[in-house]
Amino acid sequence: MDWLNAIIQGTLLGGLYALFAAGLSLIFGVMRLVNIAHGDLIVLAAYLALSVVTATGIGPLWALVIVVPAMAVIGYVLQRGILNRVMGEDILPPLLVTFGLAVIIQNALLLGYSADPQKLDAGWLETASVKIGPFALGLLPLLTFAVAVVVVWGLQWMFYHTALGRAFRATSDKQDIAQLMGLNRAHVFGLAMAIALAVTAIAGVLLGIRTSFDPSIGGSRLIFGFEAVIIGGLGNLWGTLAGGVILGVAQAVGAKIDPGLQILAGHIVFLAILAIRPRGFFPRIDG
Amino acid sequence: MSSQMSKSLYVTRVSRASSVAMVVGALIALTLIAAPWWAGRAEMRLMAEIFLYISLASLWNLLAGYAGLVSVGQQAYVGLGGYALFGLTMLGGVPPVPAIAVTGVLGALIAMPVALLIFRLRGAYFAIGTWVVAEVFRLTAAQISALGGGSGTSLSPAIIKSLADGRDAREALTYWLALGLCLVVIGAVVVFLRSRAGLALTAIRDNELASKSLGINIWRTKFFVYVITGGLTALTGALISLQKIRISPDAAFSTNDWTAFVIFIVVIGGIGTIEGPIIGTLIFFALRQTLADLGTIYLIILGALAIGIMLRAPKGLWGLVRERFGIELFPLSRRVRGQDD
C-alpha cells in the first residue's frame, strides 16, 4: 500500500515536472532553441511572486495575475532583444548565450534576495488534503496536476486551432517559407518565448508553494524538465506530461527505497529510457 | 606553366609568426619549469591553478569548438578524477603519482559507455544530457560513505607526505605536475588537430554533410575526441583535488567552477582556436585578481561579457586579432607561399 501511495504521489509530482517541461518543449518545437536558463527563469518567477506577495499581501496564487504577464513580457523582450540575434544553423551561440543568462539570473537573484531559502505561503492550501479510499491526496499536488493538464491541453488547442498556433507550426516546419508567406519570424519567436515564460511563471509559483527555493536550484529544475521532454518524446506535449509522470514516479519510488536515492533514481530511469528508447515514448519531431 | 607554379609555390603550415611564437613559447616554458627556484609559494600555487584552467579550457574548446560537442557537464570528469585519486590512494593504498596516471585511464574508460548513451541526444539536448551525467556522478559520489559521503573528506597527511620529502619538494612537484599536464594537453591538441583525424574533425565542423559524403566516420571521430577529452579532464581533476587536498561532491562536481568559468574563458578568448583558451584564462585570472572582492557581481560581469562577445564577436578576442592581422601562433592552417616569401 505504501508503494502504491508513492506511485500516486509521484504521479502528482509529475504534473509539476510537466509544467517545468512544457515551456522548454514549446520553444524547442517552434524554434529549435534549448534554453539553458529555463530553470533559472522558473526560479526567477518564484522570486517575482515572492516580491508581489510581500509588497501587496495577496496570496501567491493571486500573484499569478501579475507574475504571468510580467514573465511573458520578459520572454518577449529577451527573445527579440538578445536571442533572435543568435538564432541560426549553428547551435553554439544560442546555447552559450542562454548559459550566460542562466549565470547572470542566478547571481542577480543571489544579490537581490540572498542565498537564504524562501517559500511562498499559501496558507490552508498547503496542508489541505482529500481522502480517497486509503490514500490522503494533498490538495496542492492535485491542483498542480490539474493545472498541468489544463496547460498542456491549452497549448495543444492553441497549436491546432488558432492563427497563432498555425504561425508556430509553419515556422517550426520551414522558417524561410513561413517568412515568405508574410510571417514575421522575429515576432513569432518573441510570442513563443512569451508563452513559454508565462507557463514558466505558473510552474515557478507552484514550485514556490510546494517547496522552499533558493537562487541555486534552477539547474536541477531545467534538468527535470528536460528529462520529462526526452522521456515523452520531442514535440509531443501530452508525451511531455507522461514523461513528467514517469520521472515523478521514479523519484517517489526511489525516495521510498532510500531518501538519498530520490533524485538519482529519476536520473537513472531517464538514462535507462535513453538507452532503450532514445527517441522517447511518443516522438513527433526529430531532435 | 604548371611546372613553374609547382617550383615557385609551396604549401606550408609554418609562418614567421608561428616560428617566432614557438621559440618564445619554448623560452616561456623553460622559465616556468624553473619557477620553484625563482617564485614564492603563493605565486606557484596561482600559476598551477592557471595551468589547470588552461588545460580544462583547451579540452573543452577541443570538444565544443572543434568537435561541435557542446558539453555543460565536463565537471563530471573533473570530479571523477578527484574522487578516483582519493579512492585509489586512501582506500586502495596506491602511491599518489601512479594513482594520478590511473585516473586518466579511468576517465577515458568511463567516458566510453557515457558517450554511447549521450551521443543519442543531438545538438543542444546533448548539452543537457552531459549535465545529467554530471549530476549522476555527483549524487553517486555523495553516496560513497568511505570518502565522507555528502560532506567529503581530506587527503590523509601520510599520503601527502609520501609525495616527496619536505614541503618545498612537494609544492614543486604539484606545480610541475600541473605545468606538465598543461603542456601535454596543449601539445596533444596541436598534434591531434594536425593529424588525419584532426583534419576530419575540422571538416566535420565546417560542414557535417559534406564531410560525411567524403567518407568521414563522424560518429567515430567524435567518440574518439570525447573519450580522450574525458581522460585528460579526469587527469586535470585529479591534480585539482591534489592541490586542494580536500574533496566534496559539491566542490568536485561544481558547475560554476569547472564548466561556467571554463565556457566563459573559451568564449572570451576565442572558441575554435588554440590560442583562445590560453588568452581567455589569462584574462579570467586578471579579472579575478582585480574583481574578486565583488563576489557575485564578478560572475554577472563575466556572464554579460561572454554574452556580449557572443553577440558582437563570436570568434572571441583571438578571433578578432587573427582576422585583423592574420596571425596564428600555432602552426595549424595551411597557407600557399612563394619560394622567396
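Cβ atoms here come from the backbone N, Cα and C positions, even for glycine.
Look at TrEMBL and you will find B:20-38 (among others) tagged as transmembrane segment. Taking Cβ pairs closer than 8 Å, the transmembrane segment (B:20-38) reaches residues 44, 47, 168, 171-172, 175-176, 179, 183, 329-331 in its own chain, all 6 or more past its ends.
TrEMBL lists B:50-69 (among others) with the feature transmembrane segment. Using a Cβ-Cβ cut-off under 8 Å and counting only residues 6 or more beyond its ends in the same chain, the transmembrane segment (B:50-69) has close neighbours at 78, 126, 178-179, 181-182, 185-186, 189, 192-193, 198, 201-202, 204-205, 208, 221-222, 225-226, 229, 232-233, 236, 239-240, 243, 258-259, 261-263, 265-266, 269, 271-274, 276-278, 280-282, 284-285.
Positions annotated as transmembrane segment by TrEMBL: B:76-94 (among others).
What TrEMBL lists as transmembrane segment is B:100-119 (among others).
Look at TrEMBL and you will find B:126-147 (among others) tagged as transmembrane segment.
Annotation comment: TrEMBL describes B:173-193 (among others) as transmembrane segment. For the transmembrane segment (B:173-193), the residues of the chain that approach it from at least six positions outside its boundaries are 29, 32-33, 35-36, 44-45, 47-49, 51-52, 54-55, 58-59, 61-62, 66, 100, 163-164, 201-202, 228, 232, 235-236, 239, 242-243, 274, 278, 330, 332, judged by C-beta separation under 8 angstroms.
Summarising the annotation, TrEMBL assigns transmembrane segment to B:223-242 (among others). For the transmembrane segment (B:223-242), same-chain residues at least 6 beyond its ends with a Cβ under 8 Å from one of its own Cβ atoms are 52, 55-56, 59-60, 62-63, 66-67, 69, 74, 77-86, 96, 99-101, 103-108, 110-112, 114-115, 119, 155, 174, 177-178, 181, 184-185, 188, 192, 197, 201, 252, 258.
Distant neighbours of the transmembrane segment (B:262-287): 46, 49-50, 53-54, 56-58, 60-61, 64-66, 72, 74, 186, 189-190, 193, 205, 298, 301-303, 305-306, 309-310, 314-320, 322, 328-330, 332; these residues of the same chain sit at least 6 beyond its ends, with a Cβ under 8 Å from one of its Cβ atoms. Marked as transmembrane segment by TrEMBL: B:262-287 (among others).
Annotated transmembrane segment per TrEMBL: B:294-313 (among others), in sequence order.
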- prompt: Given pairs 6 or more apart, does the transmembrane segment (B:126-147) have at least three Cβ pairs under 8 Å with the transmembrane segment (B:294-313)?
  reply: no
